[in-house]
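Residues or ranges marked as substrate binding site in TrEMBL: T32, G33, S34, T35, D85, G86, A87, D88, K98, G99, G100, G101, K125. Annotation source TrEMBL lists active site, proton acceptor at E107.
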Amino acid sequence: MTQDQLKQAVAQAAVDLILPKLDDKSIVGVGTGSTANCFIDALAQHKGAFDGAVASSEATAARLKGHGIPVYELNTVSDLEFYIDGADESDEHLHLIKGGGAALTREKIVAAVAKTFICIADASKLVPVLGTFPLPVEVIPMARSHVARELVKLGGDPVYREGVLTDNGNIILDVFNMQITNPVELETRINAIVGVVTNGLFAARPADVLLLGTPEGVKTLKA
Ligand SMILES: O=C[C@H](O)[C@H](O)[C@H](O)COP(=O)(O)O
């Protein structure tokens, strides 16, 4: 199976998992990226079964609207049962690295509101220790050099992601060469640097369920 087929399989598995629990008042939280796009396309086949969605990025909002799915502002939604999103890496505790597509902050906000975060990923994303994928950090533009120096003190090699602005108008520093043995502590320490909006570690609030696409079928891991 190709990586794309594995992504489609986990996206369909996520739809199958949540569909029986949706009704015409349900709002679904939707992530960003190629795997989340597969989920949007699969979810769109069941438009009548739920009310609408909250999007974690402008790109996701556009794709949802393209399918005719109503998109709500998060501030108008009080009850979000599910958030479905991909990841760049996951460990066995469902601690994640996210933000390869620069959507980490809005993703973390929507994930924080949702009762259940279902992560969908192909098998290549499951790793023993997080950190081979460079850790994205969203930074207020004027703090770029300061934050980079502080990240070096934490042992990383930050690289400015040229030409990328987040949906919030900020920049991304990708931190290379971090062996992330304590993701909860590192997430907190990086977020404490002045000028950091948030970093791509989802460890304080990990995923609740990981649907992992493997050539042998979709495996379900729970935190
Ligand atoms: O900012 C982007 C997100 O965190 C994505 O969920 C992550 O990069 C995974 O994307 P993909 O499903 O394309 O590998």
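Heads up, the Cβ atoms here are built off N, Cα and C, so glycines get one too.
Just so you know, TrEMBL annotations never went through curation; they're auto-generated.
All features noted in TrEMBL, drawn onto the structure.
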residue : record                 : Cβ contacts under 8 Å, 6 or more apart
T32     : substrate binding site : S56, S57, A59, T60, D85, G86, G101, A103, R106, E107
S34     : substrate binding site : D4, K7, G86
A87     : substrate binding site : L96, I97, K98, C119, A121, K125, F202, A207
G100    : substrate binding site : G33, D88, F133, P136
Under 6 Å from ligand 1 by C-beta, which of these binding-site residues make it: D85, G100, K125? Sequence order, please.
D85, G100
DSSP three-state call for G100 (substrate binding site): helix, strand or coil?
coil
Look up K125 (substrate binding site) in the DSSP assignment and report helix, strand or coil.
helix
Longest CA-CA distance among T32, G33, S34, T35, D85, G86, A87, D88, K98, G99, G100, G101, K125, per record bound to substrate, angstrom:
16
What other residues of this chain sit with their CB within 8 A of the center of the CB atoms of T32, G33, S34, T35, D85, G86, A87, D88, K98, G99, G100, G101, K125, the recorded substrate site?
G31, A36, A103, A121
